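Undergrad: I am attaching a structure below and will ask some questions about it afterwards.
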Amino acid sequence: MSESIVYWLQQTLNALQLGSIYALIALGYTMVYGILTMINFAHGDVFMVGAFFCFIAAVYLGLPFLPTLLLTMAGAALLGVLIERLAYKPLRNAPRVSAIITALGLGLFLENFTLALAPYPKHIPALLENVTWDLGGVSVSSLQIIIICLSLGLMFLLDYVVHRTPVGMAMRAISWDKTFVPLMGVPVDLIISVTFAIGAGLAGAAGTMYALAYPVIDPYMGIMVGWKAFISAVVGGIGNIRGAMIGAFILGGVEIMVTAFFPSTYRDFVAFSLLLLLIVIRPYGILGKPRTQKV
Amino acid sequence: MSDTADNLDDLQLEVRDLAVHYDGIRALHGVSFTVLKGEIVTLIGANGAGKTSILRAVSGLIPYNGAIGFEGQDLKRVAAHQIVKRGIAHVPEGRGIFGNLTVRENLQLATWQRSDKDEIAADYDRMLVLFPRLKERQHQPGGTLSGGEQQMLAVARALMSRGRLLLLDEPSMGLSPRLVQEIFRVIEDINRSGTTILLVEQNANMALRIASRAYVLETGTVILSGTGRELLGDHRVREAYLGT
Ligand SMILES: Nc1ncnc2c1ncn2[C@@H]1O[C@H](COP(=O)(O)OP(=O)(O)O)[C@@H](O)[C@H]1O
Ligand SMILES: [Mg+2]
């Protein structure tokens, strides 16, 4: 293969890996927005706590990869439900700014609570044997393949749940207008909790995969990744599930390409500028519309 | 009304001393009325009289003072989504169609509390026979339907929950005269097949004509009641609501 093709394939693979992690987190932002028109600013920190759950499961419990992943997802889902029930639900009819402040405060709480328990960065052991293949010059690692495939699998599963199951139908109905959903016999509070559980569970999966790919974790790792996932969701059209995935892969791609051509310190600057530009051109995002299908 | 056992058996909905407040402002006070099994009961009243608030309270969508009983059971502590299961279906003001869900999904969603799969499928087919326009539009988003089609969908959706009492909030609103005729015909058909109906209307003329009994509401309280025929002939009703 020619050198430039090899190079582009390599970068595309890297972009897919980064994009899938952003996508898993972006889905949580977009689902919660879709159902409550609220930005869950603590969501990036749920991702971070997920990475720490992964650490606990792998190091303290000595679990292998799959149980670690499942336990982390379950733990994060539970955290998501607790956050919704204790912090957001009481404020559902309060002024919007109260919910935003609460979300930001909750994020700080999660960061500092984790910092208190884990003052130094933690190292995640290799849960999977990482084999690297050389495919005509493109280096492909088994970890990369697993991260991409698992993320895509989870995304397809979510897409199926949202568009093909009764729970997903209820979520979409609530995202349209929740006033009359109880008249259908649908327990709205339960569906909202399920939405938080799914979003947080996906962030937990992202935390596990991120920790495997970049094995040093700290309590502030969720801030930047969280912002990027949030921006992915906005670029894709916040409230739109397929949009969040598209936005995340665009952001992952942009970041990888920028580091390929510029000093790596340019990465976030160029990435964010491009995204701002996209928002100016398409204020509702790529798949978002002023008022149509949201979740 | 005499309190014979026979009468109590026939009592489907009993609203007693109903009061509703919005942010401290009184919307309803001392509203009492009954609906017997098999009846069409109509509530008429001007805009803002409190008709919608009554239906919202019955369905558990808003808090209230007073008592609402359905088939002998108090509904006060029953959550809104459970009230559907108890047997009350509600077509809300403005129809409340989920514009992002297909016609089919709108109908399916209303069966949330049911588990009788075969019966649900049969009911679905029945709705497509009852409302042929919906059949053509099954797979279209509800938001693409015309006003009349949305109203038919809202009624069909309420029927999918198999309620024994159907609450209808201004089903004729915004419809052409021909469609108004059609919707009233459908309401009578539904009633004839055994469903009790509580109908809220500003279109007093049509509503009183199909009503077994009716109540007139003014600024949050019942000022008049009687059979549909009696109220059609009442000079106060004629002046205020029939424009004659
Ligand atoms: N959500 C609400 N918040 C505040 N006031 C309301 C609300 N809904 C209704 N009202 C008031 O309550 C009164 C009764 O309204 P409603 O029950 O909608 O009457 P109707 O259906 O007969 O037009 C009106 O004065 C209306 O302005
Ligand atoms: Mg009304």
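Glycine is treated like the rest: Cβ placed from N, Cα and C.
Pulled the feature table from TrEMBL, pasting it below:
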{"type": "TRANSMEM", "residues": "A:20-39", "note": "transmembrane segment"}
{"type": "TRANSMEM", "residues": "A:46-63", "note": "transmembrane segment"}
{"type": "TRANSMEM", "residues": "A:69-88", "note": "transmembrane segment"}
{"type": "TRANSMEM", "residues": "A:100-120", "note": "transmembrane segment"}
{"type": "TRANSMEM", "residues": "A:140-162", "note": "transmembrane segment"}
{"type": "TRANSMEM", "residues": "A:183-213", "note": "transmembrane segment"}
{"type": "TRANSMEM", "residues": "A:219-238", "note": "transmembrane segment"}
{"type": "TRANSMEM", "residues": "A:245-263", "note": "transmembrane segment"}
{"type": "TRANSMEM", "residues": "A:269-287", "note": "transmembrane segment"}
Undergrad: Could you check whether the transmembrane segment (A:219-238) packs against the transmembrane segment (A:69-88) - three or more CB pairs closer than 8 Å, residues at least 6 apart in sequence?
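TA: No, the transmembrane segment (A:219-238) and the transmembrane segment (A:69-88) are not in contact.
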Undergrad: Three or more CB pairs closer than 8 Å, sequence separation of 6 or more: does that hold for the transmembrane segment (A:140-162) against the transmembrane segment (A:20-39)?
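TA: They do touch: at least three Cβ pairs between the two stretches lie under 8 Å.
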Undergrad: Please work out which recorded stretch in A:46-63, A:69-88, A:100-120, A:245-263, A:269-287 has the most C-beta pairs separated by under 8 angstroms from the transmembrane segment (A:20-39)?
TA: A:245-263
Undergrad: Among A:69-88, A:245-263, A:269-287, which stretch has the most Cβ pairs under 8 Å to the transmembrane segment (A:46-63)?
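TA: Ranking A:69-88, A:245-263, A:269-287 by Cβ pairs under 8 Å to the transmembrane segment (A:46-63) puts A:69-88 first.
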